[in-house]
Amino acid sequence: MPKYRSATTTHGRNMAGARALWRATGMTDADFGKPIIAVVNSFTQFVPGHVHLRDLGKLVAEQIEAAGGVAKEFNTIAVDDGIAMGHGGMLYSLPSRELIADSVEYMVNAHCADAMVCISNCDKITPGMLMASLRLNIPVIFVSGGPMEAGKTKLSDQIIKLDLVDAMIQGADPKVSDSQSDQVERSACPTCGSCSGMFTANSMNCLTEALGLSQPGNGSLLATHADRKQLFLNAGKRIVELTKRYYEQDDESALPRNIASKAAFENAMTLDIAMGGSTNTVLHLLAAAQEAEIDFTMSDIDKLSRKVPQLCKVAPSTQKYHMEDVHRAGGVIGILGELDRAGLLNRDVKNVLGLTLPQTLEQYDIVVTQDDAVKNMFRAGPAGIRTTQAFSQDCRWDTLDDDRSNGCIRSLEHAYSKDGGLAVLYGNFAENGCIVKTAGVDDSILKFTGPAKVYESQDDAVEAILGGKVVAGDVVVIRYEGPKGGPGMQEMLYPTSFLKSMGLGKACALITDGRFSGGTSGLSIGHVSPEAASGGSIGLIEDGDLIAIDIPNRGIQLQVSDAELAARREAQEARGDKAWTPKNRERQVSFALRAYASLATSADKGAVRDKSKLGG
């Protein structure tokens, strides 16, 4: 029988000092035999996805106390990728994931907490907390802040849906008037919550649901809706049950590594491919799998991508549907239901509620459930009122979207595409693979060949695009922006958005060893591995080289002879300590970022730290 971790600090005469300090936090004699549960919050006023979380930690804590636990809350940092985008701030985004994971480990282990409730929401916060949870392997439940409502505005006598990406594209489009750009900007992000499309934040919150570590509805129920409050109340109660199951009944099925098993990781990736999730999810799932000591690699993702169809299409891949529409169609469980009927899921998995996949689908899949309360929950919709308050409205759709032929979520028979929404490509400058969000690629450019325009920073590429130096047919190559080379593996949302602004969204390709925002669409290929700074062949591409992209056949090829590449590699190595570094880039890199870069691996490894360098 495992011993409560917290007993280390609450029992025994030699822990009198620790108990004295616990008493100063409000604990009493009656509390010293109870499980201490960390409420890991991420409230900040910097991030719309987190601005409403201040009081939600208290809400969870009250339920933990009522159920017989002791709740202790702490906060992590949270970077807003959208605000950090397009300047030096983006260098800090991906490294913040490791910082969040480490800080959770530090707090939980330093104070010997027994379990956690993770209140996350946005891009690097959910992955960081997920990595920490699987590293620590103590009972955990995730409950995120929820998606933002889609923006809406009237243009050309028509009401259209909007999101952050629309504001960026229109702001850079010289053909758009100042007044229209301002109108879109003011309408794009109307409420608290994670940005309203299938961007990285919402993708990751959907994946924690598929992994079994959060409750049904977590990935899609709007931040503003009153129904979301129940997820927080349930999380506080349920974590005490899970904690007691493990420590008092020796039930290891309550632990996250036994819930988020390899089978669950495969299900999560299957969901990701089917819903056309952000390419960043690949990076984060690979990193989380390593923390769980699960053998889950790019090869597994490649195999899944070849057999899973696209069953859901959401912004930025279409403007018709946003997360509020996914929820109306049944949310994550709705997509999993269609995947299960297609025979594409591992059924022998359980979630934090203790339900198997078949049990979860029977109760929560709107196509089959007989539970009116569940159907009512999935009718939760937007109010269209600007707010930063959680649970501030209770509007509902008149009907559910259970049309699996023409609705937001489709059946296998009526799939948007036989091929899934993500694909892994391999070739002579991406020997370890690269990722493309096929859900956002127009059919006309699934095969594309063009001359390279090479840039050694995102800034130079943006200047060239907006300056008219990139023309139709070009393949923009941005290198030395990987985890080590950036450092920090910047997102390339500005270059891809500005290609659209310049009318080149379907006329050019963009390839990088950096990564893309979940808001990116178009022929945008990222995570090229190995990265240039690690000696990857993307560092050998020269202006004018032809690059052939073949998504249907999963290929990407630099049309240069092996002999020429060998000669270029020899010349690169001859640069000595300047080899595999940018030739003309002025960038101030802080000590903190240099420390991150010294241990960073390429994207095919999840951009995690190289343990071999630390002897571990």
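Note that Cβ sites are derived from N, Cα and C of the backbone, with glycine treated the same way.
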Candidates Glu463, Glu481, Glu491, Glu531, the one Swiss-Prot lists with Asp81, Asp123, Lys124 as binding Mg(2+): Glu491
Spatial neighbours of Cys122 ([2Fe-2S] cluster binding site) among the recorded positions Asp81, Glu491, Ser517 [C-alpha, 10 Å]: Asp81
Cβ atoms near Cys122 ([2Fe-2S] cluster binding site) (within 10 Å, other residues, all chains): 29
Tertiary neighbours of Asp123 (Mg(2+) binding site) (same chain, Cβ under 8 Å, six or more apart): Val79, Asp81, Ser93, Phe199, Thr200, Ala201, Met204, Asn280, Gly518
Cα distance (Å, whole number) from Glu491 (Mg(2+) binding site) to Cys195 ([2Fe-2S] cluster binding site): 16
Lys124 (Mg(2+) binding site) - helix vs strand vs coil (DSSP): coil
Distance [Cα-Cα, Å, rounded] between Glu491 (Mg(2+) binding site) and Ser517 (active site, proton acceptor): 5
